[in-house]
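*Asks:* Please find one structure pasted underneath; my questions will follow.
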Amino acid sequence: MPIRYISQKLAQQIDVELMSASGAFSLDQLMELAGLSCAQALAKSFPPTKHKHVMVACGPGNQGGDGLVAARHLHHFSYTPTVYLPKPSSKDFLQRLVKQCENLNIPILKDVDAFQTELAKSDVILDAIFGFSFQPPLRKPFDQVLKAIKGVSKKIPIVSVDIPSGWSVTDGPQPLWTEEDDKGGKEMIETFEPEVLVSLTAPKEGVKAFKGQHWLGGRFVPDELGKKHELNIPPYEGIDQVVELPRNH
């Protein structure tokens with residue numbers, strides 16, 4: 001049976017079930033496993049011998065938390081990661097992830113100009129900005145961030161976490177509008193298409209047409225939960241935290 005592509009509503013429901021009394025996971029446990037999956041997928045696609053410098057672009061929410069975890073693991077996998085985190089969260093568990101990166105001397109940038117400078121020096125980008133809960137319009141500074149990543153996307157490969165930033169979780173890639181400025185004007189921003197996608201738990205409906213290399217990560221879904229929602233998750237091999245899905249042609 002082919003793997004199931006799930007809706008935003010079902011993705012949220014599965015998260016709730018995983019963190020319920022019967023699922024027994026905590027949010028930071030799931031984030032740790034998700035971030036490890038992303039780091040391993042990037043390592044399989046872009047080994048550190050040729051892609052040592054990784055720009056990890058993080059949003060303010062749980063997607064950014066996955067990126068922070070991945071940055072820590074990438075450091076231990078012999079990469080040189082740099083984190084861009086313009087809007088650090090006030091949540092304790094996310095602040096601890098930042099501190100863990102700082103303890104490894106992983107640079108954490110907040111300024112968009114510094115981000116653009118370091119982006120140009122990167123060998124690969126890990127896109128952990130927006131997840132399946134993102135709702136337009138696009139707010140500062142992420143309008144500049146997405147434009148910058150789009151601008152280098154033909155030269156520097158992108159690995160996106162769960163869903164490429166700015167894509168509709170239902171309909172896939174679409175133009176994004178920024179929020180209105182002081183004069184009532186707004187700008188259309190084109191989204192980028194990554195070379196590699198790491199879906200978490202199960203792929204989302206909006207990536208059905210994705211044609212790049214596609215990994216599934218998040219090796220934490222109990223068999224009964226997978227059967228209940230007919231996810232048809234393929235088996236993971238050995239100690240791997242990711243499994244490659246068939247490419248669309």
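Backbone N, Cα and C atoms are what each Cβ position is placed from, and that goes for glycine too.
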*Asks:* According to Swiss-Prot, Asp127, Ser165 bind K(+); so which of Gln29, Gln40, Gln63, Gln241 is the extra one listed there?
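*Replies:* Same K(+) site in Swiss-Prot: Gln63.
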*Asks:* Write down the one residue from Asp92, Asp111, Asp162, Asp171 that Swiss-Prot lists together with Asn62, Gln63, Gly64, Gly65, Asp66, Gly131, Phe132, Ser133, Phe134, Gln135, Pro136, Pro137 as binding (6S)-NADPHX.
*Replies:* Asp162
*Asks:* As a test of reading the model: what is the averaged pLDDT for the domain 'YjeF N-terminal' (11-233)?
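*Replies:* Its mean pLDDT is 96.
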*Asks:* Looking only at Gly64, Pro136, the binding-site residues on record, which one has the least crowded Cβ, with the fewest other Cβ atoms within 10 Å?
*Replies:* Pro136
*Asks:* Provide, as an integer number of angstrom, the distance between the C-alpha atoms of Asn62 ((6S)-NADPHX binding site) and Asp127 (K(+) binding site).
*Replies:* 13
